[in-house]
Amino acid sequence: MILRAVQICTVLKCVTYLKGWIAMSEISPIIFVLILLSYRLSMDVIPEYYNITIWPRLSPDPNNGLYIFTGQSTVQFECVKETNLILIHSSQLSYTRQDNKHMATALIIESTWLQPETQYLVINLKSKLRQGQKYQLYTEFTGELADDLSGFYRSEYEEDGLQKIVATSQMHPTYARKTFPCFDEPALKAIFHITLIHPPGTVALSNGMERGHWTKTKFEPTKNMSTYLLAIIVSDYTYINTTQKDPQIRIWARRKAIDLGQGNYALNVTGPILDFFQSYYNIAYPLTKSDQIALPDFYYGAMENWGLVTYRETNLLYDPETSSSRNKEKTATIIAHELAHMWFGNLVTLRWWNEVWLNEGFASYVAYLGADHAEPTWNVRDLIVLDEIHKVFAVDALTSSHPLSSNEDSIVLPNQISEQFDVISYSKGAAVLRMLSDVLSEPVFIQGLSVYTSPYPILFKYNGSLPHSVDRIMSPWVLQMGFPVVTINTAIGKVSQKHFLLDADSNVTVKSPYNYEWLIPIRWIRGGTVQKDIWWLMEKEGKAGTHDGFWVLANINVTGYYRVNYDLGNWERLFTQLNTNHKVIPVINRAQLVDDAFSLARAQLLSTSLALRTTSYLSKETEYMPWQSALNNLDYYYLMLDRTDVYQPMQDYIRKQVTPLFLYFKNMTLDWSSVPVQHTDQYNQENAIRMACRSGVPECNSLTTTWFKKWMEEPQQNMIHPNLRSVVYCSAIAAGDEAEWEFGWSQFKIASVANEANKLMFALACTNNTELLNRYLSYTLNSTIIRKQDATSVITSVASNRAGQKLAWDFVRNHWEYMFTEYGVGSFSFASMITGVTARFSTPAELQELKEFVEAHSATGFGSATLAVDQALERTRMNIKWLQTNKQEILNWFNSQNGDQMQ
């Protein structure tokens, strides 16, 4: 690389331009080793702004068939510590050779090269940069506009018979370096001046408002922000917008989707959510516009790019004709999650990826508040218990879990960074912050945010009337993995805590500075009366006035992040209350009793028979949350037992319990001719039909197959209500054969609404025809048939089918190398795929197969799925032990219930 250095000096500044090509040269072996091993930037230089021009080619290069982009970048940075070495991130970019005979002598560049392992462009100078001086680095580069869903990438779709290309981006967490050379760490914020060159007839979008709509579009400078928040898009999309100007709200999507009104709901809900967060944070929305765009191919559910939020189509677009209430809620909560980041995450940003939980946990928590404000009749705030807390309990009860916060030094590799974006960071983060908000009260919690640096240092300094500082209370929840089970012995008034593990015999090898003890806030009910004050369990054991003969129920509304167990006498009193008048117990706690009991039984802290008894009262229950909690837990029984002799007695019991619910909704909806009014009733109607059909209620199977056949006879007239389509499609395809599957496949291929396509995609995995399942699996290797973003979902859906589990596992084993190499971490959720295909593993033979699979691929590794592989091994061992211990007791219990010998 020939480098040119031109020095321009004024009284106030000294700016240097570097321009050149890449070549390897001699360098000190010590420096070379440091570069090779260091994945963190040295902070010797700090960026101030980037001036970037990028030109994506929306047609393939005739010479090599590749889609490419070219670009020019100038980054201005300040030297804060003298150095002769500039490290700047660069990945999969080629740099242009510039021959120039007019060499200046201001700066002499000794050598430059690319370091692929650490993803650096390295510039070795002959003399040192001077502290306090500002410099500019200019580069010209070329990259591939690939379909790998990371960096600057290509998305394709068909509209009106024409194949169309979108050039779009996903910089988070470490893919900005695939688009232009940059200091790609979250703390290194800068201002971005973006220019996009694009073909006539297309529009260009970025974080700032565009200035002009020609084929060279410049954008207003961004706020000072991290590289991972940059977004650049070129498409022929159109938009709808609100009339308000501050900020301007626009929803962008395919022209047909906008014309059909699929962006209207997102547009209508965005304004109220933005208003809520402006009030919540007590800070005005920081930008002039709020763009949100629906993309055909997108790895994540959504991404909070500042001012230009990107979504999967299924998460932003809503069609009242084909989308369900669940789709609508998902759109509202995901929009709320992403818009929460406009302040928390974007305006204020984590220093390094070891604190992802603060960013994502906070957004996950307040998303429920924002959606609740926009849709107050849904009561969506309560659903955080099912959707986040119960979900994360299952993972955080493993010894392979991890704390919310880790040391910076332990998270350095790109794969390690990607692993941080898991259910612990999102859902446990949300649960712990919700607990903190409850302890402090919501007004105090919000007041801590309004100071607005970060809730950790601000809120954690608050003492108030608490028994300790917030820092002392919260640190055990943040800095050690897992959570406690609180055991209340009402016979003697003793309350104790213990680290809860699903496998009672597992060995925790990770040391904790808090010895796996927590300061636990307990809200409780005594005999139907809510106790006013929080009772604190400060040590391993404590005394409470609970031994007076009344039933006790702790952790009201599951505001605390812990499970609760009781002495057998109290369990019996709770069962009596459930069976006589279950509504005395709050609905969230009815769901909690079921979830706690089943998990306590898996941990051998309760008998399995006692856990199953929490479902006995369900024949009288009509509320969604307790039913969903029960079904979530019975799902594990299906996974473990649907290949054993327990399966049929279990089916008989569930059929008996769900039939009253099925008939309840039949009557409520006047023989399925109307829709329940309440939001959660609509969800529970779906549960009633799904479980009635699954367990073999004849009327249910007749209903779903009749509806589906009517649709097959008149494909243009789908009379199945959107709320019920997922369950009806799956039930009918499972009951049918090739004709039903082929019809579903044909409808999937022509579906113009992403949510409808999604319902069909999952339903196609419900068939019991193994030939069709194998064919469906093979389609995931061809991105023109199944989009890369959807491949994991198809594979795990097949694995969740009793007939498809082994097929999916064999498929993953046979094609792992190809998928891992060809698809990469940007487009394939390997962690969820490993979890999905191994969920049923419960035999020594399956454990051996998993071990052999891990061994066979240990050399190449598992990337972002490394933790998931460890958890799969741990779960399989637990499943084997659980099945051996509990199978006979479960069989006996189901047989006793089916014989009407109620316990």
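Residue numbering: from 1, along the chain as shown.
Placed from the backbone N, Cα and C atoms, the Cβ positions cover glycine too.
What TrEMBL annotates here:
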type	residues	note
ACT_SITE	Glu338	active site, proton acceptor
BINDING	His337, His341, Glu360	Zn(2+) binding site
DOMAIN	47-229	domain 'Aminopeptidase N-like N-terminal'
DOMAIN	265-454	domain 'Peptidase M1 membrane alanine aminopeptidase'
DOMAIN	551-877	domain 'ERAP1-like C-terminal'
SITE	Tyr426	site 'Transition state stabilizer'
TRANSMEM	21-41	transmembrane segment
Count of other CB atoms lying within 10 Å of the CB belonging to Glu338 (active site, proton acceptor): 26
Proximal but sequence-remote residues of the same chain as Tyr426 (site 'Transition state stabilizer') (Cβ under 8 Å, at least 6 apart): Trp357, Glu360, Gly361, Ser364, Glu388, Val392
Residues that sit under 8 angstroms from His341 (Zn(2+) binding site) by C-beta distance, when 6+ apart in the chain: Glu304, Asn359, Ala363
Number of Cβ atoms other than its own within 10 Å, given for His337 (Zn(2+) binding site): 27
Segment-level pLDDT (mean, integer) for the domain 'ERAP1-like C-terminal' (551-877): 94
